[in-house]
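> Structure in C-alpha cells, see below.
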Amino acid sequence: MEFSEGSNKSLMDKETCCNNNNGVTIRTAQNMSSSFMRKKSDPILVSTIRFRILRELLANLQEVILGTKLAVLFPAIPLAIVADFYKFGRPWIFALSLLGLTPLAERVSFLTEQIAYFTGPTVGGLLNATCGNATELIIALFALYRNKIHVLKYSLMGSILSNLLLVLGTSLLCGGLANLKREQRYDRKQADVNSGLLLLGLLCHMLPLMFKYAVKPETGVSIAEYTLELSRASSVVMLVAYIGYIVFQLKTHRQIFDSQEEVEDEDEEKAVIGFWSGFSWLVGMTLIIALLSEYVVGTIEAASETWGISISFISIILIPIVGNAAEHAGAIIFAFKNKLDISLGVALGSATQISMFAVPLCVVVGWIMRIKMDLDFNLLETGCLALTILVVAFTLQDGTSHYMKGVVLCLCYAAISACFFVHKIPAPLGK
C-alpha cells in the first residue's frame, strides 16, 4: 500500500520520468474509453484518519472499489459466490457472475493504466496489449480447460463481432447524430493497419475451413488431424504478426497512434495509487475474474436450457456486451465529442487483439495441454466474420463518417444476432 502524502513527491518524480521517456505517458484508447466510468474520490474523507496503515488501506479501497460508476454491481460478486456455495439455481449463478464481471473488466483497465505510470510507456503498452481483453481471454481459457471448445470459439467470435459492429456502429451512429453540422474525420492509417491484421486473421480462419471442404473423405486423408496441424501453424503465424503489430504500435510507428493519447483533464495524468498497490489489486481482481469465469463456463448450458436461448446466442451476443460494457460506453461518449480516433481505437484495437492474440493463444495453449483446439469456426460463423470485416473495411475507407455508416453496422449486428438467436443447433463448432 503506497498511497500517502509523503509519497506524493516520489510518485510525481516517477511520473515525470515516464513522461519524458517518449514525450507522453502511454494511454491507449481502451484506457481512455473506460475512464468515463470513473469517479473522482475525495482525499479529505480519509485524510482525517489517525492510523497511517488504515488510512492507506481506505484510500486504496476508495480509489479501486468506489472509484467507478459501476461500483453498484460489485455486490453481484459475493452473491454469485454465495449462490454457488448454497447450490442455488445455476442460471442465477450465471447471471450474477456476468454482472460481477462488468465492473471488474473496467477496474483491470484502470489498474493497468496506474501501473503504466511507473513502468513507462513500453511496458505499459505491453500490459494493455495482453490485459486489454482479460475477461474474454480468461473465460476462453477456462472453457479450454473444461474442453468446451464450442463455448470458447463462440465467445471469442462474439467479442470480435461485437467490437466491429456494435461498438463501432453505435459510436458512428451516435457521433453522427450529435455532430450533424460538423464533419467527422479520423486517421485512416490506424484503421488500415487494424483492417490488414483482421484480414490476415480471417485468412488463417478460412484455411482450415477450406481444407475441410476441399479434401474428400474417401481419399483416406485424416481431415481432422491435418486441420488441427494447419491451425497450429497458422496460430504461430498470427502470434508473430501480433508481436510485430505491438512493436509497430509502441516503437517504430507510434506517431500513428498518438492521436489516441490526447487528454483534456490534467488530473487524469496522475497516478492515484502506488505501484505495488496497483499490482496487488490487479492480481486479486484477476483471480476473482478467473473464479467468476469458471462459474460462467460451468453454468452456461443450464442457463441456455432454462431461458430457452441457444448457447451460441449467449456466448456470441450476451457475454461480450456485458464483459466490455464500460469500455463500449466510453467509446460512444468519445464519438459524441467528435473524437472518432479514440472510438476506432477501442473497437478495432480490441477486435485485433482478440483475433490475432487471444484466438491463436488458445490454440497454442490447447496444443500444450493436448486439447484439439483448432481455427475451424464452422461455415456460418466464419462467413459472418468475413462479411463483418469486409463491411467494416469498406465503411472506413474514406476517412470521414456520418450517422448512416453507423446505421449500416448496427443493422448488420442485429441481423447476425437474429441469426444466432434462431440457430439452436447444439453441435460444437468445427465438428
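Just so it is clear, glycine is given a Cβ too, placed from its N, Cα and C backbone atoms.
Annotated transmembrane segment per TrEMBL: 64-86, 92-111, 123-145, 157-180, 192-211, 231-250, 271-293, 313-336, 348-369, 375-396, 403-423, in sequence order. Under the heading domain 'Sodium/calcium exchanger membrane region', TrEMBL lists 92-250, 279-419.
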> Do the transmembrane segment (92-111) and the transmembrane segment (313-336) come close, with at least three CB pairs under 8 A (pairs 6 or more apart in sequence)?
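By the criterion, they touch.
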> Go through the chain and flag residues at least 6 beyond the ends of the transmembrane segment (192-211) whose CB is under 8 A from any CB in it; none is fine as an answer.
164, 223, 226-227, 230-231, 234-235, 237-238, 241-242, 245, 248, 256, 348-349, 351-352, 355-356, 359-360, 374-379, 382, 385-386, 389, 392-393, 396, 430
> Sort out for me which stretch, of 64-86, 313-336, 348-369, 375-396, has the most Cβ pairs below 8 angstroms to the transmembrane segment (231-250).
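Between the stretches 64-86, 313-336, 348-369, 375-396, 348-369 has the largest tally.
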> Considering only Cβ pairs within less than 8 angstroms, which of the stretches 157-180, 271-293, 313-336, 348-369, 375-396 has the most against the transmembrane segment (64-86)?
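Between the candidates 157-180, 271-293, 313-336, 348-369, 375-396, the best contact partner of the transmembrane segment (64-86) is 271-293.
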> Is the transmembrane segment (157-180) close to the transmembrane segment (348-369), in the sense of at least 3 CB pairs under 8 angstroms with a sequence gap of 6 or more?
yes
> Apart from its near flanks, which chain residues at least 6 from the ends of the transmembrane segment (157-180) lie with a Cβ under 8 angstroms of it?
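Same-chain contacts beyond the flanks: 133, 136, 198, 315-317, 319-321, 323-324, 327-328, 331-332, 334-336, 338, 340, 343-344, 346-348, 350-351, 354-355, 358, 377, 381, 384-385, 388-389, 392, 395, 401-410, 412-413, 416.
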> Within the domain 'Sodium/calcium exchanger membrane region' (279-419), count helix residues (DSSP H, G, I), strand residues (E, B) and coil residues, in that order.
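Its residues fall into 117 helix, 2 strand, 22 coil.
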